[in-house]
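Asks: Questions regarding the structure given below will be posed in turn.
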Amino acid sequence: MNKLIYGLAGPTASGKTSLSISIANKINAEIISVDSSLVYKGMNIGTAKPTLDEQGDIKHHLIDIIEPTESFSVADFITNVNKLKKEIWSRGKEVLLVGGTMLYFKGLIEGLSSLPESQLEIRQTLELERKAKGLQYLHQQLNKMDQESAQKINPNDQQRIFRALEVIMITGKKYSELVKTSKVGGLEEQLKLCALVPNDRSILHNNIELRFKQMLDQGFLDEVQSLRKNPKLTKETTAIRSVGYRQAWEYLDGDISYEEFVKKGIVATRQLAKRQLTWIRNWQDEINLVEVENQNKEQQILEYFDYK
C-alpha cells in the first residue's frame, strides 16, 4: 500500500503552529517545517518560530538547520523531505508537512525545473550591471529576451530577475519555456493537503498586526541588532529579506522612523498573507480548504486525513 503524506498549509498568523502540533499528536506524526525562514538559526522572534515548549513532544524538522548567511533552495527542501520521510516512517510515525512557503509545496506537488546551476561569473556580471544601471534596467533587458518571465517577475525581485537572466545566458533559451518543460523531483506519494483560509480577511489582518506588536515586545529589534553584528549580512541577503527583518534593518540603518518601520512591517506581512492565499485559491481543486474561524477545524482536518 502506498504511503500517504499529510500537509497543513496556510497564510502567516492563521494559527498553523498550535493546530499542527495538536494534529500531530492525534495522528502520531513528526512535523516537517515548510517555511523558508524557519531554517535559519538566530531568527526566532521575527519568524514566529515555535519554541521548544510549544513543540512539546512532537519532533520538528528543517528548523534551525543553517546560518542566515547560507542559502536553502526549493531543491534543497525537496531533497531533505525525501530523506526525512523515510527516517520518520522507519520510526513508525506519520509525516506532517506544515508551513506557508507555497513554492516549497509547489515543488513537492509539481516537481522542480531541472535548470542549470548558478554560475558565479555570470552572477558577478549581473551584479556589476545592477550597480551601474539599476535593477529596473535588468528587468527591462529580461522583458526584451523573455516577456512572459518579465511579466511574472516583480521589477524589484532581484533574486528572480538574476536567475531568469542567468538561465537565458547559460542556455540561450527562454527561462519561461524551460521552466515549463524540464520538471524533476517532487513527491512520489500522495499528499493529502489541507489549507487554512480566513472567511473574514479583516480578522487575519488584525491578527497580523497584533502578532507583529507582540514580536516587538518580545525583543524583535534586539534580535535584528544581533544579526547586524555579522558583517556578511546586509538587507539584501536572502534571510534578511524575510518579512519584518528587512524593515527592521532599514529602521536600524536610520533610513526610516520607528513608526514607518512598524507600519511597513505590518503591511509587508499582510501582503505576504495575500500572496499565500492566492496560491491556495489557485490550488483549491486539489486541496481541502478549512476556514480559520471554524471551531471544528481540527476534526474536519482529521476526517480528511481519515483519522476519526
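Every residue gets a Cβ built from N, Cα and C, even glycine.
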Asks: Pick from 35-38, 123-126, 223-226, 275-278: which range does Swiss-Prot record as region 'Interaction with substrate tRNA'?
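Replies: Based on what Swiss-Prot states, region 'Interaction with substrate tRNA' spans 35-38.
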Asks: Given the ranges 159-163, 174-178, 189-193, 269-273, which one is assigned the annotation region 'Interaction with substrate tRNA' in Swiss-Prot?
Replies: 159-163
Asks: Radius 10 Å, atoms counted are CB only; among the recorded positions Lys16, Arg123, which position scores highest?
Replies: Lys16
Asks: So what's near the region 'Interaction with substrate tRNA' (35-38) in sequence-distant terms, Cβ-Cβ under 8 Å and 6+ beyond its ends?
Replies: 46-47, 49, 62-64, 72, 77, 99-101, 103-104, 239, 242-243
Asks: Taking the binding-site residues one at a time (Gly10, Gly15), which has its Cβ surrounded by the most other Cβ atoms within 10 Å?
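Replies: Within the set of binding-site residues, the most crowded position is Gly10.
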Asks: Give me the Cα-Cα distance between Ala13 (ATP binding site) and Arg123 (site 'Interaction with substrate tRNA'), rounded to a whole Å.
Replies: 35
Asks: Hey, for the substrate site built from Thr12, Ala13, Ser14, Gly15, Lys16, Thr17, who else sits with CB inside 8 A of the CB center?
Replies: Gly10, Pro11, Ala48, Gly100, Leu196, Asn207
Asks: Same-chain residues six or more away whose CB lies under 8 A from the CB of Thr12 (ATP binding site)?
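Replies: Thr12 (ATP binding site) has long-range Cβ partners Ala48, Gly100, Ile208, Val243, Thr269, Leu272, Ala273, Gln276.
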